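Reading through the structure tokens given below for one structure.
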Amino acid sequence: MSWNPQYRSSKFRHVYGKAASKDKCYDCVPITCNVHDNHFCAVNPSFIAVVTECAGGGAFLVIPIKQTGKLDPHYPKVCGHKGNVLDIKWNPFNDSVIASCSEDATVKIWDIPNQLLKRNITTPKKELLGHSRRVGLIEWHPTADNIIFSSGYDYKIMIWNLDVEDAVVSMPVKILDAHKDVVLSMSFNTNGSLLATACRDRKIRVIDPRAGKVLQEGSYKSHKVNKVLFLGNMKKLFSTGTSCWNNRQIALWDQNDLSVPLLEEDLDGGSGLLFPVYDSDTHMLYVVGKGDGNIRYYEISPEKPYLNYLMEYRSHLPQKGIGMMPKRGLDVAACEIFRFYKLIPTKSLIEPISMIVPRRSESYQEDIYPLTAAAQPALTAQEWLNGINKGPLLVSLRPGSEVVDSLPQFLEPEPLPKALSQECGGGGRLSLEDKQKPREIEGVRKRLKMEGKLPKTDEKFISNGFDIFECPPPKTENELLQMCYRQKEEIRRLRELIVQKDVQIKQLELELKNLCTDTGN
């Protein structure tokens, strides 16, 4: 008889939520009373922005992240909109640039000074005019610089290129008009090549934004979708909504087949919206309830049952909106893997909530902090518009680490010209086409020669700045796990170096064959 364990082995099984103390909260913040279903809060390592009330238009506050405690009632605002602000988003590659959209049918881009605000900001850096009705959603592209998407109540999604000198931009580079009703949610996949949307017509769509083509479209009669989310590179979508009995519901979908959900589960009978938040580094999914104080969190796995419930953070204070700190702003010394900023309008309070993995060691825990997205774009706006896709640049959260490419160039050899990549028996000399590219071939040869001149005497097997042959033997289970992860990484690096050497061998054999042919002639 086989025995199936009741609990899965997971290093995130005991994650718990910890609310910040009163002195680390933001008090006396006039949070907006708008009933629009958005986060109303945006956070980066330098600032926290929150939508507020303003007479005669819309406004939001930008507070330095370290300025906790009571807020001055006369604190300056960013107040250039003529209608209520509905959404705000920080530029992922510039902590001083924020975008906002409003009921006045405009999108504005703002430059925020590094020092404390001394007066209201009323003049935006750029103004995007194109929607005919109010704009409810904005999203920055995850890997391309200065590309932003906006969705309005005119049922259109517009793609804007901010790499222009004009202060007022009235022509988007692309308009997506595949929707027949209001778009409720937008989400990108990891490299930004696909866009998933949830619409008020109850349909989920997967769209190629540059081609404007709907790749997948589906709806399910027992699931009325409100929010949709790409789950990283798992080729799955996660949605929240309501069932036919008006219960709050979650569903998991195959990205390539939206006819029937892979999983569907009723949570409770609450009336508030559910905001899904996915951490692709830890594969943890957070479901934040609007109008209650709960944050449920799950772990996503590629095989069934796909969604593994971990725990629930509970509070008696209901949240109206939520902000999420990027991973580069977390406290790694406290084993913090995520941080929410909870808007509590009944107390005019913003309360940080840290999700923590309990660990005894005070050293850097490499196994819970894989490489994460850096604050640098992988592509320019024009490169992405021309059809190039690239994953985000990665950075280690270890203090003092530098940004690395999503696929390190020194580990992945560039494709060689056709004649240089042929097998020895597959033809002898360089073709006429390759003879016409002497600079390209010579560049490849020089690069291979330079790689062959690297000093061998000083070579060390180092993974993330750690010499695996000079370390003391592991004394605890946690140290043993860290050693295991480091050795796996080193094995992966060595395998890719072997592949690179094989390419060099083939290239040299082909050059030798060409030389022999020349000598015979």
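A Cβ is built for glycine as well, from the same backbone N, Cα and C atoms used for every other residue.
The stretch that TrEMBL tags with coiled coil, taken from the ranges 15-42, 295-322, 491-518, is 491-518. The list of residues near the repeat 'WD' (176-217) in space but at least 6 beyond its ends in sequence, with Cβ under 8 angstroms from a Cβ of it, reads 37, 136-137, 139, 141-144, 147, 149, 151, 153, 155-159, 223-230, 232-233, 237, 239, 241, 253, 255-258, 280, 384-385, 387, 389-392. Assigned with DSSP, the residues of the repeat 'WD' (176-217) fall into helix, strand and coil as follows: 0 helix, 22 strand, 20 coil.
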